[in-house]
Amino acid sequence: MPGNSFGHVFRLTTWGESHGPAVGCTVDGCPAGLPLDVADIQRELDRRRVGQSRVSSQRREADEVQILSGVFEGRTTGTPITMVVYNTDAKSHHYDTIKDAYRPGHADYTWDVKYGFRDWRGGGRSSARETIGRVAGGAIARKLLATVGVTIVGYTLQLADLRAEVFDEAEIERNIMRCPDARVAALMVERVDQARRELDSLGGIVEVRARGVPPGLGEPVFDKLQADIGKAMFSIPAIKGVEIGEGFGVAMLRGSQNNDPFIRREDGSIGTTSNHHGGILGGISTGEEIVVRLAAKPPASIARPQQTVDRDGNPVTIEVHGRHDPTVLPRLVPVAEAMLALVLADHLLRQRLARVSWSERDDG
């Protein structure tokens with residue numbers, strides 16, 4: 001099965017299934033000498049981990065990462081970095097009664113029709129547990145980006161019809177919804193609790209911002225920065241829409257409103273007075289903040305009775321029991337951050353190959 005790797009120079013390959021022995025990843029192309037230890041990876045995995053609050057799946061996994069290769073004496077060696085997380089709390093018997101049924105909203109049917117065989121335990125490879133490898137690889141990408149001053153922050157912008165009205169970055173990790181608006185976060189928790197009681201689930205929007213991105217990243221024509229960001233985000237389970245900058249809002253603007261005037265800043269750098277473009281023009285970063293929004297569907301695993309068919313086309317009624325997220329949003333945040341970091345790290349290294357010498361501005 002192809003399609004398990006992402007990136008050109010900084011390349012991530014993930015492996016493993018939800019109820020298999022382990023999940024993990026291999027990162028290839030990371031330069032030698034980057035300071036890195038297990039704590040750097042574990043910090044991000046803990047933010048993605050199941051069972052961390054009442055608004056996430058109650059599956060109990062420590063998600064403790066082991067680095068198997070590519071790091072020596074606290075620094076990367078330049079060789080492939082392989083990391084593993086062992087699954088310790090898979091309960092496959094929860095799926096015994098529905099293993100031959102096609103769960104609505106899941107990949108059961110499409111995997112069956114493509115491969116003729118599938119791992120029915122917790123979704124197998126199509127499970128969101130696969131994203132552990134993305135977050136682990138993204139943690140390394142973030143360390144690399146930090147060497148040039150790039151920082152990334154993500155948060156829950158909207159749950160159903162509840163949207164953050166205040167942006168307080170310090171508030172994001174203070175509440176279990178990872179929402180920058182404390183008042184709206186409390187309402188979101190109440191709404192999730194209600195959905196869980198009603199055996200239902202909720203979707204919403206996560207926003208991710210990258211700051212300090214140097215201008216010049218991106219590879220026209222088919223590897224435009226926004227194209228790779230779109231591919232990265234759409235590859236995340238449950239994502240049904242992606243916007244960059246003003247996104248679909250540009251359809252309501254005139255050119256005179258949407259254009260961002262260029263200016264020369266006091267430090268001599270070139271910038272814009274507004275950021276409708278979301279930090280990317282012509283597929284190349286401008287140096288402004290990169291702003292990405294992801295629309296996530298409500299989790300498909302709900303305990304309500306649902307009509308479907310089995311592998312033979314016979315009508316059946318199923319109830320998906322077990323331990324599932326009533327909303328993916330809080331745990332989606334670190335995954336989305338990781339994918340943006342992977343794209344930017346890859347393009348940072350690609351840019352260093354693009355010219356004999358490179359700086360943010362070259363007048364020579």
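The backbone N, Cα and C atoms fix where each Cβ goes, glycine too.
Some features that Swiss-Prot has for this protein:
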type    : residues                                                   : note
BINDING : R48, R54                                                   : NADP(+) binding site
BINDING : R125, S126, S127, G282, K297, P298, P299, A300, S301, R323 : FMN binding site
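Under the DSSP three-state reduction, R54 (NADP(+) binding site) is assigned to coil, being neither helix nor strand. Counting every protein chain shown, 25 other Cβ atoms lie within 10 Å of the Cβ of R48 (NADP(+) binding site). For the recorded site, R48 (NADP(+) binding site), the DSSP three-state label reads helix.
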